[in-house]
Ligand SMILES: O=P(O)(O)OC[C@H]1O[C@H](OP(=O)(O)OP(=O)(O)O)[C@H](O)[C@@H]1O
Ligand SMILES: O=c1cc[nH]c(=O)[nH]1
Ligand SMILES: [Mg+2]
């Protein structure tokens, strides 16, 4: 079964509180999501492999560490996942970015895929699927299945807030996928919104409500 990591760094938690606050406006919301995504990228990359190289400091020649060049792909789920891309790219600038367009039908709550464009070499990359919200898990579940159908082998899922229902779904359907959250919330309400959550992530990021 995939592991669930709640990234409880104090800076992430502090910023998440402002993200949740209904009085936080679009500009600040977007900036905070960007910052938290960057901090989460810092945590999620702590196991990247290193290699040794030789350099000259102004004082002497020395061995020093550098990234071994593991190929990474970021896959935001449109729309709301877009709000986390730039923050992650600040720390992982060499990552390639694929996009999966997905919306949740408000009546059936079923995810509908409307777009997909991925780097050609996804089977060689470690993919990080990103979306602020993991609610029923339907959208992330379908996005991951879509990547696997196109021969993705290594996938992780990174969200700001997860509900237990969504976590369970991913663990059942994709036991090879580890999940990284800034918070694991209580439950879903009758409209499948996360409680206490932050409301509609896409609408708050892009000012569409
Ligand atoms: O886990 P689920 O129950 O599938 O819900 C989560 C999904 O819902 C939201 O997207 P939405 O459908 O609002 O699309 P948007 O990003 O375009 O706003 C959110 O960004 C996730 O993709
Ligand atoms: O709480 C939720 C659930 C789904 N999508 C959101 O944007 N927020
Ligand atoms: Mg939305």
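If you go along the chain as it appears here, the first residue is 1 and each next one adds 1.
Using the three backbone atoms N, Cα and C, a Cβ is placed for every residue, glycine included.
TrEMBL annotations:
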{"type": "DOMAIN", "residues": "6-208", "note": "domain 'Phosphoribosyltransferase'"}
{"type": "BINDING", "residues": "79, 104, 131, 132, 133, 134, 135, 136, 137, 138, 139, 200", "note": "5-phospho-alpha-D-ribose 1-diphosphate binding site"}
{"type": "BINDING", "residues": "194, 199, 200, 201", "note": "uracil binding site"}
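Overlay of TrEMBL annotations on the structure.
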| residue | record | contacts (Cβ under 8 Å, 6+ apart) |
| --- | --- | --- |
| 79 | 5-phospho-alpha-D-ribose 1-diphosphate binding site | 101, 103, 202, 205, 206 |
| 131 | 5-phospho-alpha-D-ribose 1-diphosphate binding site | 76, 77, 80, 81, 84, 139, 140, 143, 157, 159, 201 |
| 133 | 5-phospho-alpha-D-ribose 1-diphosphate binding site | 80, 159, 160, 161, 194, 197, 198, 201 |
| 135 | 5-phospho-alpha-D-ribose 1-diphosphate binding site | 104, 163, 165, 166, 188, 192, 193, 194 |
| 137 | 5-phospho-alpha-D-ribose 1-diphosphate binding site | 163, 165, 166, 167, 168, 169, 170, 173 |
| 199 | uracil binding site | 22, 193 |
| 200 | uracil binding site | 193, 209 |
Those binding-site residues listed as 194, 201, and which of them has the most Cβ atoms within 10 Å of its own Cβ: 194
Of 79, 194, 199, binding-site residues neighbouring ligand 1, Cβ under 6 A: 79
Binding-site residues whose CB lies under 6 angstroms from ligand 2, from 135, 137, 200: 135, 200
Model confidence over the domain 'Phosphoribosyltransferase' (6-208), averaged pLDDT: 97
